[in-house]
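Here is what Swiss-Prot says about this protein:
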| type | residues | note |
| --- | --- | --- |
| SIGNAL | 1-18 | signal peptide |
| DOMAIN | 25-248 | domain 'Peptidase S1' |
| DISULFID | C31-C162 | disulfide bond |
| DISULFID | C49-C65 | disulfide bond |
| ACT_SITE | H64 | active site, charge relay system |
| DISULFID | C97-C255 | disulfide bond |
| ACT_SITE | D109 | active site, charge relay system |
| DISULFID | C141-C209 | disulfide bond |
| DISULFID | C173-C188 | disulfide bond |
| DISULFID | C199-C224 | disulfide bond |
| ACT_SITE | S203 | active site, charge relay system |
Amino acid sequence: MVLIRVLANLLILQLSYAQKSSELVIGGDECNINEHPFLVLVYYDDYQCGGTLLNEEWVLTAAHCNGKDMEIYLGVHSKKVPNKDVQRRVPKEKFFCDSSKTYTKWNKDIMLIRLDRPVRKSAHIAPLSLPSSPPSVGSVCRVMGWGTITSPQETYPDVPHCANINLLDYEVCRAAYAGLPATSRTLCAGILEGGKDSCVGDSGGPLICNGQFQGIVSWGGDPCAQPREPGVYTNVFDHLDWIKGIIAGNTDVTCPL
C-alpha cells in the first residue's frame, strides 16, 4: 500500500533551467509494457528522472538528477496502477566523474548509483547491456520516459512514452546552442523538423540506437521538440572504462577528459 501511494501521489515539478531533469517524450506514443524492463523511475526532491538498470546492483543516470532522499523504482509502467513486480530501492553509493560532483552541459553529466540491495529480475525488470561499439551518425534511436508530452505547457503521462529519433552530427547541436565546444562527450539526437524530443522529466533515461545503449538524456531546447534544436545526450560509449571500473570496484578510475 505504501508503494502504491507513493507512485500515485508524488508531485512532478519542473526545474528552473533547461536541463531535462524532469523530461518526457514529445511526439511519441505509449511504450509497450514489455519493451522497457531496464527503465527505472527516479524521484528526488519532488522531481523525477529516468535511469537505466545495468545489472542487479547498478543504475546509470544523469549527474544533474542527483538529489536528497532519492527513491528508485524498477518494473514501473503505469504509475497509477503499479505492476505486481515493482521494486523500490535507495542509493547505497553514488559515483560521479568529478569528486566535486560538477558537470557541464557538454561534459560529465553522468552518475552511477549502487543500490542498497540487489534487484530481483522479473517479467518487467531486466538489465540493459552496455554498448559494444560506438554510436554512428544517422542511426535510428529510441528514447523513452515519463517526461512531459507537451511543451512549454506540461502534461505528464501515467505510462512512459517512446519515440524514434535520429542520431545527428554534433555540429547540428553546436549550431543550435551557443557555447558548445568543438568536441565533447555528448551526442546530438532528434528530428531536424522538430516534433519529437525528450523533455522535462526524461532526464537520465536511455537513448538506444540500433539496439545499443548509447546515450543518457541530458538537456535540450526550451520549449522542447523545436525545429533544428535537438536534444543533447551524454555519450555512454565514451565512458565505458569509467563505468566498468567503478562497477568492478576500482574507485580510482577516471572519466575521459
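Counting starts with 1 at the first residue shown.
Cβ coordinates are placed from backbone N, Cα and C, and glycine is handled just like the others.
Locations of recorded Swiss-Prot features on the structure.
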residue	record	Cβ neighbours (10 Å)
C31	disulfide bond	21
C97	disulfide bond	23
C141	disulfide bond	25
C162	disulfide bond	19
C173	disulfide bond	25
C188	disulfide bond	25
C199	disulfide bond	33
C209	disulfide bond	26
C224	disulfide bond	29
C255	disulfide bond	18
Inset, instruction - In whole Å, note down how far the CA of C49 (disulfide bond) lies from the CA of C255 (disulfide bond). - result: 22
Legend entry - C49 (disulfide bond) as reference: those recorded positions from C97, D109, C188, C209, C224 with C-alpha within 10 Å of it: none
Legend entry - For C31 (disulfide bond), the one of H64, D109, S203 that lies nearest, given that the active-site residues are compared by Cα: S203
Inset, instruction - Using C-alpha atoms only, work out the spacing between C173 (disulfide bond) and D109 (active site, charge relay system) and round it to an integer in Å. - result: 16
Inset, instruction - Just name the most isolated of the recorded positions H64, C65, D109, S203, going by other Cβ atoms within 10 Å of its Cβ. - result: H64
Inset, instruction - Compare the Cα of S203 (active site, charge relay system) against each of the recorded positions H64, C97, C188, C224 and report the nearest. - result: H64
